[in-house]
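*Asks:* Below are the features listed in TrEMBL for this protein:
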type	residues	note
DOMAIN	A:4-252	domain 'Endonuclease/exonuclease/phosphatase'
BINDING	A:Asn7, A:Glu34, A:Asp151, A:Asn153, A:Asp251, A:His252	Mg(2+) binding site
ACT_SITE	A:Tyr110	active site
ACT_SITE	A:Asp151	active site, proton donor/acceptor
SITE	A:Asn153	site 'Transition state stabilizer'
SITE	A:Asp222	site 'Important for catalytic activity'
ACT_SITE	A:His252	active site, proton acceptor
SITE	A:His252	site 'Interaction with DNA substrate'
Amino acid sequence: MKIATFNINGIKARLPRLKEWLAETRPTVACLQEIKSQDDGFPADEFAELGYEAIWHGQKSFNGVAILVDGSKPVEIKRGLGIDGPKDGEGEQSRYIEADVDGVRVVCIYLPNGNPHPGPKFDYKLAWMEKLRARMAEIWAEEIPCAVVGDFNVIPHDDDVWSPKAMASDALMQPESRDAYSRLLADGWTDAVRTLNPRGGVWTYWDYQAGAWQRDHGFRIDHILLTPELADRLEAVGVDRDHRGREKASDHAPVWARIRD
DNA sequence: ATGGCAGGAAGGTCCTGA
């Protein structure tokens, strides 16, 4: 089983590139973030043509997550963590969807960015991370093989970013953000990409601005966290970097982990 | 040097992202 996560930055704008990636790399499970589409506008037919069935949790303009599965329909378990957005009365943002796929629990998340720091958006990020931790603990307690994947918007270590100095004031690498991420790992979850790249230096995001891609000014914020059973079966991980360099690319590259059957 | 660029929805510009 190959589990992938890809922040696509708009499903309408990215559709040709996204279909190309699915056809070329054929992940078993593809978790998408920032679909930026309402539920009605989700192009499920386009994926069905490629053999993928999907569930999705959309929202107008921003956020939005989806899970695509090759050859079967993901069985939805939960959507949303039950936490309102940072503005009064806006309700919950579409950042969480959870499903069962062939005996594996798959959680697809788009964790709040948290900029600017400090401020209400950063507070929201930390509150969201605690909600996530509580949900992950519930799944852990049920002893279900599980992968929590997505855009965590956390740079875990200084060697996960091209320049810690340049990013020092960013919400992605504040000590509070890193501590909250570390607590997930301390609970027992395995960071798949880190485990197979212990010296860091792996990027999953390059800004559109200031020639970041051309200069390789990237960092790692898209993660795959595994329960022990899946971590024991972890075979390989990768970042599909070449898809970041194509025309009309997302600012994130797809990240994947291969799990032995 | 607080820039730069992209997507979405609106609408001839603003908000958001990281």
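Glycine is treated like the rest: Cβ placed from N, Cα and C.
TrEMBL does not curate its annotations; it predicts them automatically.
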*Asks:* Other residues with Cβ within 8 Å of the Cβ centroid of A:Asn7, A:Glu34, A:Asp151, A:Asn153, A:Asp251, A:His252 at the Mg(2+) site?
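*Replies:* Sorted by sequence, the hits are A:Asn9, A:Gln33, A:Tyr110, A:Tyr205, A:Ile221, A:Asp222, A:Ser250.
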*Asks:* So how many other Cβ atoms are close to A:Glu34 (Mg(2+) binding site), meaning within 10 Å of its Cβ?
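*Replies:* 23, counting other Cβ atoms within 10 Å of A:Glu34 (Mg(2+) binding site).
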*Asks:* Could you state the whole-number distance in Å separating the C-alpha atoms of A:His252 (Mg(2+) binding site) and A:Asp222 (site 'Important for catalytic activity')?
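*Replies:* Approximately 8 Å lies between the Cα of A:His252 (Mg(2+) binding site) and that of A:Asp222 (site 'Important for catalytic activity').
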*Asks:* To the nearest whole angstrom, state the Cα distance for the pair A:Glu34 (Mg(2+) binding site) and the residue listed as 'active site'.
*Replies:* 7
*Asks:* Far apart in sequence but close in space: which same-chain residues, 6 or more away, have a Cβ under 8 Å from A:Asp251 (Mg(2+) binding site)?
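*Replies:* Long-range Cβ contacts: A:Asn7, A:Asn9, A:Tyr205, A:Trp206, A:Asp207, A:Tyr208, A:Arg244.
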*Asks:* Looking only at Cβ atoms, how many others are within 10 Å of the one on A:Asp151 (Mg(2+) binding site)?
*Replies:* 28
*Asks:* For the domain 'Endonuclease/exonuclease/phosphatase' (A:4-252), would you mind checking the mean pLDDT of the predicted model?
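*Replies:* A mean pLDDT of 97 is what the model gives the domain 'Endonuclease/exonuclease/phosphatase' (A:4-252).
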*Asks:* Starting from the Cβ of A:Tyr110 (active site), draw a 10 Å sphere and report how many other Cβ atoms land inside it.
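*Replies:* The Cβ of A:Tyr110 (active site) has 28 Cβ neighbours within 10 Å.
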*Asks:* If you measure A:Asp151 (Mg(2+) binding site) to A:Asp222 (site 'Important for catalytic activity') at Cα, how many Å is it?
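*Replies:* The separation of the Cα atoms works out to 4 Å.
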*Asks:* Hey, how far is the residue listed as 'active site' from A:Asn153 (Mg(2+) binding site), Cα to Cα, in Å?
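*Replies:* If we compare the Cα positions of the residue listed as 'active site' and A:Asn153 (Mg(2+) binding site), the gap is 8 Å.
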*Asks:* Is it possible to get the count of other C-beta atoms within 10 angstroms of the C-beta of A:Asn7 (Mg(2+) binding site)?
*Replies:* 25
